[in-house]
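Participant: Pasting a structure here, questions to come.
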Ligand code: COA
């Protein structure tokens, strides 16, 4: 009888890409009635990136993926699956953005598919990759959170268009026998009772594309910001407490808290409620805005490129988004 050696999933590399076009609060104040002062005070955002008209989500995702693959020091041919989390796919319905990215990278005859969990997308990806690897289905999975969210922003709605930005973050999740360098735990959840707080109502099967839907601008993101804010702070805090308790870890054993980058006030409120000092909290919202599914891998990449994390650094991830969805993860960084 053969005994299976336990296999764990390791986040073995990280990469990110942002478009070069910087859009400042000042730039937006020329389009909608807003100001740098309002945006900075209410959100902490100073600028964000918007992709060019000829750049699609898959272009950003492919660039982030190439960096992650190079840093993982693996040959592309060993990648067993490509999964993308996005709410701004290249094409409505099909093909998936993952199929486009896999083709760009020369990965064929391997599974490639998208998931939609809005801003919680990267946590859902981690959960999926961990299951695939620990069940010994695959050994190397490329996961990518990528958004050209500017393509679904209503540039006439000041309450949403100032909040979001474009970007992509990618990671290679690899099989390892070393539990100390693995994704220790992931928890994901959703509550569809709150679906109307944050949605793109138009152009799906509920309200198919029509001249009227477009006239009413229902193809764009709509958000009840204030209600979402309150639920976000409560849910994110509770989620972190639960995952730490479940893993018998204290916040002092965490090297970096990497929350979804939606709003500096949410990040500060959650960080303070949990007792994390500000230098332990990853912060990119001021320069990239809310990049939805890309936000957490972009923030991990920022820590990596600034030399703050090294192999074994313990990260606590926490996300929240449309659905409503949320989730958290604890991992020891497996990269070099
Ligand atoms: N510039 C200037 N004024 C603006 C504005 C802008 N860009 N956007 C909204 N306002 C105005 C509103 O019209 C309102 O004016 P009124 O009082 O005259 O009606 C006022 O500012 C306050 O609006 P409100 O929506 O209550 O502000 P807020 O303090 O809740 O901040 C958000 C708005 C969107 C920044 C905040 O609610 C938020 O971050 N929400 C959560 C976002 C989030 O977590 N998303 C999660 C998942 S992605």
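Any Cβ shown, glycine's included, is placed from N, Cα and C.
Here TrEMBL flags 119, 260, 290 as active site. The domain 'Beta-ketoacyl-[acyl-carrier-protein] synthase III N-terminal' annotation in TrEMBL covers 113-192. Under the heading domain 'Beta-ketoacyl-[acyl-carrier-protein] synthase III C-terminal', TrEMBL lists 244-332. For 261-265, the entry in TrEMBL reads region 'ACP-binding'.
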Participant: Based on DSSP, name the secondary structure state of residue 260 (active site): helix, strand or coil.
Facilitator: coil
Participant: Sort residue 290 (active site) into helix, strand or coil using the DSSP assignment.
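Facilitator: DSSP assigns residue 290 (active site) to strand.
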Participant: Using DSSP, what is the helix/strand/coil residue split across the domain 'Beta-ketoacyl-[acyl-carrier-protein] synthase III N-terminal' (113-192)?
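Facilitator: Once the DSSP states are binned, the domain 'Beta-ketoacyl-[acyl-carrier-protein] synthase III N-terminal' (113-192) shows 29 helix, 30 strand, 21 coil.
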Participant: What are the non-local neighbours of residue 260 (active site), defined as same-chain residues 6+ apart in sequence with CB under 8 A from its CB?
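Facilitator: When sequence neighbours closer than 6 are ignored, residue 260 (active site) has 119, 120, 236, 290, 295, 296, 318, 319, 320, 321 within Cβ distance under 8 Å.
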Participant: Would you mind ranking the active-site residues 119, 290 by how many other Cβ atoms sit within 10 Å of each Cβ and giving me the lowest?
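Facilitator: Looking at the active-site residues 119, 290, the Cβ with the fewest others within 10 Å is that of 290.
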Participant: What is the pLDDT of the domain 'Beta-ketoacyl-[acyl-carrier-protein] synthase III C-terminal' (244-332) when averaged and given as a whole number?
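Facilitator: That region's mean pLDDT is 96.
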